[in-house]
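Visitor: Here you go, one structure.
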Amino acid sequence: MIIVDVLWKLFPLYSFGSETDSLSESILQIVPEEMASSTTKILCDAGESDLCRDDSAAFLLKFVAIASILLAGAAGVAIPLVGRNRRFLQTEGNLFVAAKAFAAGVILATGFVHMLAGGTEALSNPCLPDYPWSKFPFPGFFAMIAALVTLLVDFMGTQYYERKQESSSSNQAASEASVVEPGGREETSVVPVVERDNKVFGEEDGGGIHIVGIRAHAAHHRHSHSNGHGTCDGHAQGHSHGHGHVHGISDVENGARHVVVSQILELGIVSHSIIIGLSLGVSQSPCTIRPLIAALSFHQFFEGFALGGCISQAQFRNKSATIMACFFALTTPVGIGIGTAVASSFNSHSAGALVTEGILDSLSAGILVYMALVDLIAADFLSKRMSCNVRLQVVSYVMLFLGAGLMSALAIWA
């Protein structure tokens, strides 16, 4: 077939009386091109050939991968959830902030180095037609679109939860105010409690009667300062009525942000966890699977830690937190199982598989980069708490760069 194609392309040159030297040069140009295109076509039709292919060994390694990645992901997401009731792992502690900075670096490197690079490789594969895939930088475009859509969802979700929580707080405060005797003193008044995901939202209604117990106010005051509201010495400008109102609004906003951040982060992590699970599952090469087991276990542990920290800060009910944690931990093993089931009939070099993988990788990269930079790194590193603690700044930056560096280095093997 190659010979026929070469002769067909040389026929016009022979017919119109090309010189011998010109004909020889044309042959030298056309033959390698035809051989390369034919080799590429065979590769795209048959899938990638691998000298290390061993179906039985790969099948056993996939069981090891499922167990290792499941345990690593479950441990990573469980540590912040279990440790939120322990002093050394509370979300307000410096140890948690430093560990979260490391996890943020891991997620940032995952988006830039692994997912965006994978999307670029898939969408620039020679098995895809030149038009339109080689005419426009689609990976960066899809990542940008994903980041902008994530910003929109982040904003709308935060607004929705803030309005919902403020409405609940106002209604509860109004009902409690109806039973408080006029002239009652603050320390004997009723504390309005809005039970939503084990949180206390709001201390008063929209400009109505100030109903807050002195103990609750003191605890809330300490919580607000621990999160960076106020000056570096831990003192505010007074304990006035307006001051308490500001604290109440700030707490509602923080609660809404944590809820939205945890849900969007899980969406971004789960989307690419499915992809990497499928990629490992369809592989029949032990040489490819072995390094992936270690890389993905490391990756899942610290992504799980970051997600678990966000879930812990959102203070979901135990049932909701458990469902979110299990959903994360099971996603990659389920992807491996699906990939294993279809491995025999799956051609990773088909146009449909490459386009799907490239688009999903690029979209996941945009989501992860946005979440890492905006909701994890900027939220912590630009806070008052960080600016007031030089030691915490140094440790957090070291952990951030260490996490990003180690995750980037894993691209050598995976």
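Using N, Cα and C of the backbone, Cβ positions are placed for all residues, glycine too.
In case it's useful when we look at the structure, here is the feature table from TrEMBL:
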TRANSMEM  59-83  transmembrane segment
TRANSMEM  95-116  transmembrane segment
TRANSMEM  136-155  transmembrane segment
REGION    165-189  region 'Disordered'
COMPBIAS  167-181  compositional bias 'Low complexity'
REGION    222-249  region 'Disordered'
COMPBIAS  227-237  compositional bias 'Low complexity'
TRANSMEM  321-343  transmembrane segment
TRANSMEM  363-382  transmembrane segment
TRANSMEM  394-413  transmembrane segment
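Tell me what's around each of these sites.
Guide: Beyond the transmembrane segment (321-343), the same-chain residues lying 6 or more positions past its ends with a Cβ under 8 Å from any Cβ of the stretch are 59, 62, 65-66, 69-70, 73-74, 77-78, 81, 262, 266, 269-270, 273-284, 296, 300, 304, 307-308, 311-312.
A Cβ distance under 8 Å defines the sequence-distant neighbours of the transmembrane segment (394-413), meaning residues of its chain 6+ beyond its ends; these are 94, 97-99, 101-106, 108-110, 113-114, 117, 291-292, 294-295, 298-299, 302, 377, 380-381, 386.
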Visitor: Give the nonlocal contacts of the transmembrane segment (136-155) in its own chain as ranges (CB under 8 Å, at least six residues past its ends).
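Guide: Here the qualifying positions are 116, 119-120, 123, 260-261, 264, 268, 358-359, 361-367, 369-371, 374-375.
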Visitor: Take the transmembrane segment (363-382) and find every residue of the same chain, 6 or more past its ends, with a Cβ under 8 Å from one of its Cβ atoms.
Guide: 97, 100-101, 103-105, 107-108, 110-112, 115-116, 119, 139, 142-147, 150-151, 154, 257, 261, 264-265, 267-269, 271-272, 275, 306, 310, 393, 396-397, 400
